[in-house]
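Read through the structure below, which is laid out as structure tokens, and then see the notes.
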Amino acid sequence: MADTCVQVALRIRPQGNREKLEGSRVCTSVLPNDPQVTIGGDRSFTYDHVFDMPTLQYVVYESCVEKLVDGLFDGYNATVLAYGQTGSGKTHTMGTAFDAAVTQKEEDLGVIPRAIQHTFRKIAECKAQAIEQGLLEPAFEVSVQFVELYNDDVLDLLSDDRSMSSSIRIHEDSRGEIVLHGVEQRSVFDMHGTMDILKNGALNRTVAATNMNEQSSRSHAIFTLHLKQQRVAANPLDESGEQKTGELEMEMLCAKFHFVDLAGSERMKRTGATGDRAKEGISINVGLLALGNVIAALGGANGKVSHVPYRDSKLTRLLQDSLGGNSRTLMIACCSPSDSDFVETLNTMKYANRAKEIKNKVVANQDKSSKMIGELRSRIAALEAELLEFKQGRRTVDVDGHEVVNDQYHENVYLTSEVNHLRFRVKALNETLDILRTENIDLKAKQEFNSIASLPTAGSGGAEGEVDAIQSTFRKYLEELERTKSLLYESQSTCDQLRKDNARWKALGASRGSGGGNAEFNSQKLIEMAKQEVEKQRKLMESVNIGGENVSSEYSSMAQDEDGTSNEAEELLDEEDLDEDEDETAEEKQEQEESEALQIDLSEVMIELDIKEKLIDQLERAERQNQQIRETYEKKLRELMERIKDTETERDRVLNEGGKRGGNNEQMKAIKQEYELKITDLRKELKKIEALDKEHLKVIAKSQRELQEKTRLKSEVVDLKKAKVELIKKMNEDKKKQKTQQLANARAFATKEKQTRLQANKIRTLEMKDKQREQFLKKTTQEVNALRKEKAVAAATARQANRGTPRGGAAVTNSPARRVRGVVGGVQAIKELAFSAKASKVKWDVIVRKIEESARRRQIVQKMEAELERYLNERHAVMVEIVENEKQFTQSQDVIYRDGLLEAIDSAKQKLQYVQDQITYQQKLICDVDEDITASNAENEPILDVGLKKQTIKQLFDGCDTLSEARYLLQHLFDLCIDKAALAAKVESEFKECAARIEQLEQQSSLKEQLLTSIIEDKNLVDEIEGFVPSDLRKSRTSSQSSLLRSGSPSVVEDAHTLQNYKVRRHTATQEELLFANSEENSMVSDANANPTVDVGADVGDSDERKEKKKRIAFVSTSPASTSFANSTSQSPSFSRNTRFRSTVGGVSNNNNIRKSVQPLINGKGVSSTARKGISRLPSVTEDPEIGIFAKSFPGRSRSNLMSSSSSTTTTTLSSSNLLNPRGTTSSSSSKSVFARISPSWLSDTCAELIMRNNNRKQSRIVPVKDGMRGNVITRTHTLEGHARGVLSVDVNEKLMVTGSKDRTAKLWDIEACREIRTLGIHPNNVHLVKFVPFSNYVFTFSMFEARAWDYRTPECICVKVLNSSGQVNEGDSIDVSQVMPRQNTIPFLETLITAADVDPTGQLLFTSFSAYVRVWNLREWKPLGRLNAASHSPKSEVSCLRTTMTPEGSILAYTGSRDHYVKEYEVGLGTGVIESKCEFTPPHYDNVTAVLPLNGHLYTASKDVNIMKFSLKDGKREHLELRAHQQYIQSLTGFGPKGKELLVSACKDGTIRFWDVGSSSRMKLVEEYSKAHQEGINDMCSTKSMLFTASGDSTVGFWKSNAV
């Protein structure tokens, strides 16, 4: 059995035509040659196989399915599951998408058709291979079945009658496999027949059309292929790896292959399913949910599998074998690459990722008999190998019965290798000796020849021939002498060895006390006798299963070795082998059963036996050596005698020949003497050898005596071995008896234990019954007593009733309650004893937290998915708009109109890109939501039981030990459900109330609209007002008042507090006063002499004309400026939480059109006289600000009832906050003024802004401070006043100062004269940055997305240029800075907020931020130069602060701080484009970077984490970190003091200023602190050589003078 994980393959289908037309983007990416897929930008999944969009069908099959089909023929089950959302290509991948009218192409065949082809092709190959090998042809049986699971009913797709689903039952057979009863199983014989069955079944499958798929599968389909085969079983392998030959045996294998085509998961919202389709979708999702629960249980944490809910669904029951059972399983997860299906694709990948953790236990489905035969064969092979190892001595059994490798085996291996090594060495030495002997002979021959040649000889013709003959003769004699010497040396060494052996045997014999006699025994006969005894002993040993080797063969093999040294080594090896075999037999007996009593005796016998055997072996070896030595000496003696005789003969022959030749007598004598000397030497050697021979004979006699001793020892050895065998037999018998006794004792103990257990259970059952009986009796007794008491009380009551005294009624009433309380109290006591309330409370807390976590996760995911769906719908709408505009562009011939269409198309494409970015961002958020929630919960959760925290909710409920604990949890769960239901009902009630209120407001708005229509119609102002209202505003009047409520831009909340101090008389005009005024007060004439009187009811009969006018007037009355272009542009990003804008940017509007439409209404230009007169009756916006626009009294009621109502209701509005709605909507209420009702909402906003401005105006002045705050470093000298709201920014040059405020103004000041020079216009929103341009007469003011350049040389301070964040440059006269417009809370499309800006020290470059980048401007040419790239790490972040400086070399350096905590350095040139960061300062801050300051070779950075960091500009390393430099987050940094000795100044949100000494050391030293230097936070600071200026949220600027001046 082998564990194998479920294989998972991911297949991404190609995009469809509809998805491409809808503009869906690909949200998945696959790494090449790597099974990894990435979704959402950074969420990656790794599977066993990943197939991207262009993957063909055959690649999918060959990569992961083909090997499963091959395993089918080895008896292994297999399953292929196709999972995914509807329309993701599951049916196409599996190959069941058949069309009766279309023939399917070969390359389009799916997994199932290809598997069928592969199966029958493999069958043919197996039969052909068997025939080639001469084996029996295997027999195959193939059958198929095809079922579908429709609405949780199993239907047979191959059956003619598919209505009988109740007859199909799911069972589990004896082997644990799932089988279906009642399903038709058809036998197939070829591929075509199987394909026909598959096609017919696929056509019977339930399909239907949905919004996502024209042919959507409405059921789960399972096609099963059964294969049975009978083949020749393979023989087992031997040690060499070859198959053993033997009888042929057959084996039976059976396997099944499930092809599962799961129906796709559906969302009713997207599929549009209703009725039966909806029911089918619900059933499909329920089955897939149960499948997901099974996968989650099998692939749980730490590999622990608890209860697996297979029975929750028929689908999981059918797939029980495939998931966690006996099957090789492959899941093919099909998904869509389109971002419109992003959520479903992500869920599919998560689903498949969990399936990878499942482990199946796979075994071959083999017949029982063939399986048993295979197991026995493998067992026999293993036993044979083990037996061989025991025979060879590789394994032995120690005293404890454990198998160990014999030490003698390792020793034998070592000695064998050593002998081989010595043999090679001896061979090499012999070769070397032969070479040296030859060289020695040559040298001696040459020496003798030279000595002979030096003798004087008589000249003869044959002298040269004689010399050669003499030389050859000398050489022969020398060779013979050398050979004789070597033999002599060998004989001497042998004699020495024999002497040593003799001395050793003498010492041994003396120690044994053996006195050798002169008994004459024949050595050979004694050896033969010893051999016979050994043979008898061997047979005796074999009779008791003691293996051994043939001793005679051992002796014969030892006698054949020629070398004495090697003979001794091999004899020792053979001797050790023999001892090893004998010891092995004894140890095999010892292995079986052991006896401590006999073990000691056996050990002593074994030791003595070993010693005697070794002595016998040594004697035998000495006898053999003596025999060999004797033969050798005899041979050498004969050789020496022959050589002496030959030498004498040769001598005589040489002398005779010399005498015949008549040579020199002296020479002959010399030769004769030399030969005589040689002969003498040889005779001496011969005498020595004869002496040795005599001594050898003595040794032989001694060895015969020792041989007698050997015979005696052998007889003793035989006796000892017999004793050993008897002891072993006795030990075995004792062990058998002990084992039998132990088994009997174990059986008896088990029986006793079982009886004890049964008795204990019986006792426990009886005790329980007795306890129940006692409780029942007690309860019965109590009830009887209670009834008796009730009866007695009833009788007493009856008697009292008869007597007229109603006593005892209370007792009757209270007795049942008392009885119930007693019973409940007893039950509660039992419950308290049954479980621990504290442990249940802990478990309940864990359950509540997990429920809250799951609910929170689901809420977040649903919210993100809804946001993603909204962006997808918006993208679809933009795509439709682009297509429509392109169509009109191709059809139109008007050049101007075509240009407009091109502009609209470009704008729509830009909007499309923005929407696509938002879609990508939402996808990334959805991918990261699980990790973020998990991390959040880990940080916020209290410390609880770790074991409980790791369990799921289901596991916690399943782990209830007692019924009381379950009741406890259910009670709390019931209470929790009631609380949540009550809360939900309350929220629903509030929602309905709000909806009713909205509806009421809509009705009131409609009524007021009708009133306004009637009023304006009576004054004939419709045509005149429509004349100057822009056409696009007229077209935009298509939505209801409720849509206006939703689309209105938020207004500034801070502006509302300025109207709260008005206290005026409240009077609200009623509808009767407006509709049914009398003739005196309801006249609509503003001037009786100038204008004719018009009756309100005079035009009632003019229905058509009045209806048309009403429509036009309705447009005029409900067209807000904030929504004029809300439908043509997309929503821009909102202001960040750290910006100095406090109003929220909502929709997008074009304020130029608004201003153009508002201007005529304010100035009265472009309007007819009648309309101008009607508008002139509105309150003037140019009155004296000291008086206020509502201080002036209107004419009396005689002028008109309208003006009276307007006057009264206007004062009413001042007492409320409805004029400045915090939500910025255009909805009206009953308390809104008539002025607000009779004028457009954008006009009301303008008037409201003027109201706020006039009532908050302060006198602009610079006031000296008496007794100002004084310290060691600086002293407060002056205070600048003049702004109505907080001052956000300040900058100075030599004589001038500029300030920017929340009141949307910037002011230019003369700091020497202490006066205001000029107010620099009204800006769209807060002026959060102001900057002087060095070496020029320009000053910049920054508000929202605009940077305005002002020339302050002229008294008017003209606006020269307007630079937008997008890089657009406008002329200064393109905006009318003198006009007062409403506060702009929206930004146009493609524009972003300028959150940071700075001018370089040369005055040539301007740096402005836009999102995560910084744009660089050339101020000489007024055009953008380039940008600083990636100033923040994330493109969703933005630059929060910016500073520039110049190096001594003239390079310009820019330092940026971002909201994602990082600070970067850029080196900027005049002709640069995209500039990458030069350095990134690490480590980053822990929060948003609020200020950066380069100062004296260092960079100081501050952040919301209230820390200040000091970096070196040389290497970019941090030198110091000042922790908690302030109590609140730091908003500004600047340097103060003389150059080179500046102090670092920091200011924070609570108005505190701190001075730091940063030059004396690497650390920062606090010099002085000015707490509460301002009442509110300090937003900005700047300084000169001796002055410090602080801009605060208390609408003032503080002037501080250095005390060192």
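Using N, Cα and C of the backbone, Cβ positions are placed for all residues, glycine too.
Note: Thr91 (ATP binding site) has non-local neighbours Ala82, Ala97, Ser217, Asp261, i.e. same-chain residues 6+ apart with C-beta under 8 A of its own C-beta. Per Swiss-Prot, the feature ATP binding site maps to Gly84, Gln85, Thr86, Gly87, Ser88, Gly89, Lys90, Thr91; the stated evidence is sequence analysis.
Marked as Mg(2+) binding site by Swiss-Prot on the basis of experimental evidence: Thr91, Ser217.
The annotation coiled coil is assigned in Swiss-Prot to 575-730.
According to Swiss-Prot, the feature compositional bias 'Polar residues' maps to 550-559 (among others).
The compositional bias 'Acidic residues' annotation in Swiss-Prot covers 560-596.
Per Swiss-Prot, compositional bias 'Polar residues' is recorded for 1116-1152 (among others).
The compositional bias 'Low complexity' annotation in Swiss-Prot covers 1200-1232.
Note on the domain 'Kinesin motor' (5-358): mean pLDDT across this stretch is 82. Sequence annotations record features per position, and here Swiss-Prot assigns domain 'Kinesin motor' to 5-358.
Taken from Swiss-Prot, the feature region 'Disordered' covers 548-596 (among others).
Taken from Swiss-Prot, the feature region 'Disordered' applies to 1085-1152 (among others).
According to Swiss-Prot, the region 'Disordered' annotation covers 1198-1232 (among others).
Residues or ranges marked as repeat 'WD 3' in Swiss-Prot (evidence: sequence analysis): 1525-1566. Counting residue by residue with DSSP, the repeat 'WD 3' (1525-1566) contains 0 helix, 20 strand, 22 coil.
Same-chain neighbours of the repeat 'WD 4' (1573-1605): 1140, 1258, 1262, 1265, 1269-1281, 1283-1292, 1294, 1297, 1299, 1301, 1311, 1528, 1531-1538, 1545, 1547-1553, counting only residues six or more beyond its ends whose CB sits under 8 Å from a CB of the stretch. What Swiss-Prot lists as repeat 'WD 4' is 1573-1605, and the listing cites sequence analysis.
Residues 1273-1274, 1487, 1490-1493, 1495-1496, 1498, 1500, 1502-1508, 1510, 1519, 1572-1583, 1585, 1588, 1590, 1592, 1602, 1604 of the same chain lie 6+ residues outside the repeat 'WD 3' (1525-1566) yet bring a C-beta within less than 8 angstroms of a C-beta in it. Other than the site residues Gly84, Gln85, Thr86, Gly87, Ser88, Gly89, Lys90, Thr91, same-chain residues with C-beta atoms no more than 8 angstroms from the centre of those residues' C-beta atoms, the ATP site, are Arg13, Asn213, Gly264, Cys334, Ser336. Taken residue by residue with DSSP, Ser217 (Mg(2+) binding site) is part of a strand. Here the repeat 'WD 4' (1573-1605) is broken down by DSSP into helix, strand and coil counts: 0 helix, 18 strand, 15 coil. Shown in sequence order, Ala82, Tyr83, Gly84, Ser217, Asp261, Leu262, Gly264, Ile332, Cys334 are the residues of the chain, 6+ apart in sequence, with a C-beta less than 8 angstroms from the C-beta of Lys90 (ATP binding site). Gln85 (ATP binding site): 24 other CB atoms within 10 A of its CB, across all protein chains. The Cβ of Gly89 has fewer other Cβ atoms within 10 Å than any other of the binding-site residues Gly84, Gly87, Gly89. Taking all protein chains in view, 25 other C-beta atoms sit within 10 angstroms of the C-beta of Thr86 (ATP binding site).
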